[in-house]
């Protein structure tokens, strides 16, 4: 049973954020307004919504149920998270980003007791259009074209561009987190599930007195670039699948992520085989190569991606029929494995990038710092001797 937190009086009605604006082509260096003032309602969610047992999906941190606004009968999606700092962070980052037209919109947030535990309940718009690749699989005989692939990548790119501009890395951009608002032809594609989202900070390591990076020179890289590059790698994989129907990396042994597949990802071993790639331009293949570079710091940034002619001028991209829908249909029974492989690859990448942190100055082996430390100790010893 859901109930409001004991001893709490309901606040003034939760201010619903304005509905997302229609998608607009982003300028080269967009300036985004960040939503602020997340207010969490303490009254029981059942005061305002009818909660059903229909499960719409499973997020990384909780299940998603269908609910209805009691006043308007409008349907929404409800995500339930056990209250903890990680859940609060997910809600906060998602709230900040939900103004973007290509990110699922948060309507309300509640703090309620459920089975004696404090939970956060996130009311979101209901995305009824299904997953990106399911929609392409279900097209029937209608050809899927290169121009459509370009338009889809532009939509996903706009979501990532918005996030990166407000210093958020999603870190879990994958097929099942890309959903359409409805089954209609003009439905909007949206990014969901902020369970792995991370705030990135753009500090200059050179001016930080107490730390020094040990993985690379401080002027080259701050850790935030690794988190954002994870999203760029995902864009490369999704773009590759859109253009041919199968992933660039795969497991030979039916495992979620085999050692061989891990090696291929790290070594960047993939091909553009015919017939699926015979009609795709070299320019597009080069765009994928720049997204799937093995060295994260060399990957294309989201600004570079959005400024690429294939993305920026999607209306001029040729309507070349692709093999994608046929291949996706033929390999339908293997699609769950493909999704699992990408989930595992992203998990591996997040773990790898977490290792690339900043080392405390006491543990660093910078020769200049060692010399200064030795000199400081000598001065201290001399002072003690007197």
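Quick reminder: no glycine exception, Cβ is built from N, Cα and C everywhere.
Among the features that Swiss-Prot reports, region 'Disordered' is placed at 1-29. Annotated domain 'Protein kinase' per Swiss-Prot: 50-311, in sequence order. Swiss-Prot lists 172 with the feature active site, proton acceptor. According to Swiss-Prot, the phosphothreonine annotation covers 208, 320, on the basis of experimental evidence. Per Swiss-Prot, the feature region 'Autoinhibitory helix' maps to 314-350. Per Swiss-Prot, motif 'Nuclear export signal (NES)' is recorded for 331-354, 342-351. Taken from Swiss-Prot, the feature region 'p38 MAPK-binding site' applies to 352-376. Sequence annotations record features per position, and here Swiss-Prot assigns motif 'Bipartite nuclear localization signal 1' to 357-360. Positions annotated as motif 'Bipartite nuclear localization signal 2' by Swiss-Prot: 371-375.
Less than 8 angstroms from the CB of residue 320 (phosphothreonine) sit 145, 146, 147, 279, 280, each of them six or more residues away in the same chain. With DSSP classes pooled into helix, strand and coil, the tally for the region 'Autoinhibitory helix' (314-350) is 29 helix, 1 strand, 7 coil. Counting Cβ atoms from all protein chains shown, residue 172 (active site, proton acceptor) has 24 others lying within 10 Å of its own Cβ.
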